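Take a look at the structure below.
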């Protein structure tokens, strides 16, 4: 077409760096190639210099939407690439329309979230999609509220101000380039790394996507050497140069990339005109060693873990709502196997992958709740970051799988009396922080000062004998220092004194307080809490410490902080004092998420410490680490989830049964994720002394933080209180969890939980749950300092099904309540069916912040004859540390009222301690 200007290519790039609200730096790069020289002059530059618009903007009223149209690589419906403001990452409908208008085209089409195509006519048989708008569903990169086509689909617009060409053609449009074209093969390169070679010219943008994974920024100085060097630096073994200035990296070619004729890789490199750097949708490919071309990716349907089955391509983000709630991002190794294994490990039976690198887990019921539907499979088109031959969804689309085998968990849903019941017990006189059952059958309540009621004494004793008579039920007691965030225990001395250590601030953090229980049910005592800070205190001040009775009868005090949100106290010490404190690096490293660490003596002779999301076994003499356990699992989408304060869950010991050959197990339920995220929805258990032991995960029916747990005399555990979101602290949790769960370790794993009755009272931060001597669970407290949830003085009881059944309780008498290890002791059964008798020993518990200090469940050996049962005490102090226990006799599931027995004596001679400060001493 002689005499007519033929502009091969014009590219305008805008880079704006704002220097102030009124001043900016604008860089304009204009690149042009001509078939005839000296014909075209750039009046545009003059316009730019005078502040004209950088890109001509189309009038929005002149564009008409035509619909969703078909497209295919190699036979494009629109033949020209549209160059847009901000490039593919900022693609919007308007940007594409403006780009096409600025190039003089009347048709504009957006595709695959990031592509803009222009022309004045439809080509290669392209037309309205046979499935309508279904596959034009991908959001625009620059505006997710708009649709930018899909795989092989264009959202097509026409500028009515420009008359399009009516002629259709099946031939490809002429290739327009930004550099002169030739048909020669690439110039041999020098200086490539050893083993690298030219592998040929290959097609890009085929079969629904790019054929190489990593796209580097465009370069105006690109050479083959520089492209290969950048890929080598990033760890890749394949490099591809495209369109003169683009460099791609990968370890193979994807999407069954077909080889093109060499003449199609004809654009010279922007940094070396003697080299060829691909062409439009053509790659000059270099590889280290042989080149691998992967097949077209498909959803993985074989080799799936467990009972997973492929279901199809599922919508996500319908009406801005995620289909599945838990997201895991894996930029390098997302596969169906990895994703689904994670989901089912944590008890989720629906899930899948999206956007190449994202894994989602949830339940089948989530799909309907989100309004998500299955769509044509081809719409899920992105390859997995960990498997380039498999599909992992697309934008807002999930490659969806469902667990089709036996259910991952079976939650029992009892009704009526079998679900238990909450009952109001009595109005309180304080908001308790610590509750402890005494061997006198009464329960001590202690509250913090400062934020507590101004007219209380900080401590009271509750006598259940008078639970119907408020005036007699509460006995006033007194403490001198603030027990806020202290730890508590029942000591193994012969009178079962109660101990609290640590506190809120100053001298309180060093506090050591003792109470000698006296009186009996219906008979008031006279003793009070005793402390003498000048004579007896901890070596280190501690806020949130743990106290534990060791196998030798001494008291181990571990961890804490210097005061409220203070520096860590990464030490441990022993009471009575036998030496200086010992530094523990693991306490310092995991602060502040390790407060109130979980501790227990182990039958093998050492000590288990579990804290934050870690656990280890300590030598009971040196406290050196002898074994590090696997990290404690957190949330399905967050390994940083933790179990100890402030990510507060609860640990208990699973029941021990004579002859005590089964390794001891521990159970931890609830917790949270850092920074006030979702609470954890699982329990985990482990037998720490078993070689190569792993944590077993059991999903709970609901999320729970600020968890409380109470062991019951039948060997089950009641899980209650807390919230579904947040962490421990004032005002840091929300969405109260009002339901109770019963955990029965005698049942198979993942079938142990029953959904029990609900309460109407939110039990949030600073709530407690503790087993009473009559088998009920006393539920108290809630002190979140949050206007959404009141300070809670009301005291409830949870009545397990064995209380509500109406069955008559067994009764017994006992003479000897001070047992030696391995000794045999007789009780007289005065009522009950001897053939159904079971006997349990429940450790005396002090409950605070979800902790159940002293919790232990033992089913000892026994034999019965003619109404007399002989019980064999546990064999040693590692199986059963010295201490006080509630002895229950059960007739089937129905427990007696407990008697209090001591096992193992007082080997640490705590009865003679402290010999200072005027403390009353019971002796040994």
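Cβ atoms here come from the backbone N, Cα and C positions, even for glycine.
Positions annotated as compositional bias 'Low complexity' by Swiss-Prot: 169-189. If you look up Swiss-Prot, you'll see 62-160 marked as domain 'WSC 1'. Swiss-Prot lists 195-289 with the feature domain 'WSC 2'. As annotated by Swiss-Prot, domain 'WSC 3' applies to 307-404. Annotated N-linked glycosylation site per Swiss-Prot: 90, 290, 333, 387, 455, 552, 758, 833, in sequence order. According to Swiss-Prot, the feature region 'Disordered' maps to 166-190. Taken from Swiss-Prot, the feature signal peptide covers 1-24.
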Residue 333 (N-linked glycosylation site) to residue 387 (N-linked glycosylation site) - Cα separation in whole Å: 7
Residue with minimal Cβ packing [other Cβ atoms within 10 Å] among the glycosylation sites 90, 333, 455: 455
Top Cα neighbour of residue 833 (N-linked glycosylation site) in the set of glycosylation sites 387, 455, 552, 758: 758
Nearest of the glycosylation sites (90, 290, 552, 758) to residue 387 (N-linked glycosylation site) - Cα to Cα: 290
Candidate nearest residue 290 (N-linked glycosylation site) in space, where candidates are the glycosylation sites 90, 455, 552, 758 and distance is Cα-Cα: 90
Entry from the glycosylation sites list 290, 387, 758, 833 having the most other CB atoms no farther than 10 A: 387
Mean predicted confidence [pLDDT] for the domain 'WSC 2' (195-289): 94
Inter-residue Cα distance where the pair is residue 758 (N-linked glycosylation site) and residue 455 (N-linked glycosylation site), in Å: 33
Same chain, 6+ residues apart, C-beta under 8 Å of the C-beta of residue 552 (N-linked glycosylation site), given in sequence order: 620, 877, 907, 908
Distance, residue 90 (N-linked glycosylation site) to residue 758 (N-linked glycosylation site) (CA atoms, angstrom): 51
DSSP helix/strand/coil residue counts for the domain 'WSC 3' (307-404): 19 helix, 41 strand, 38 coil
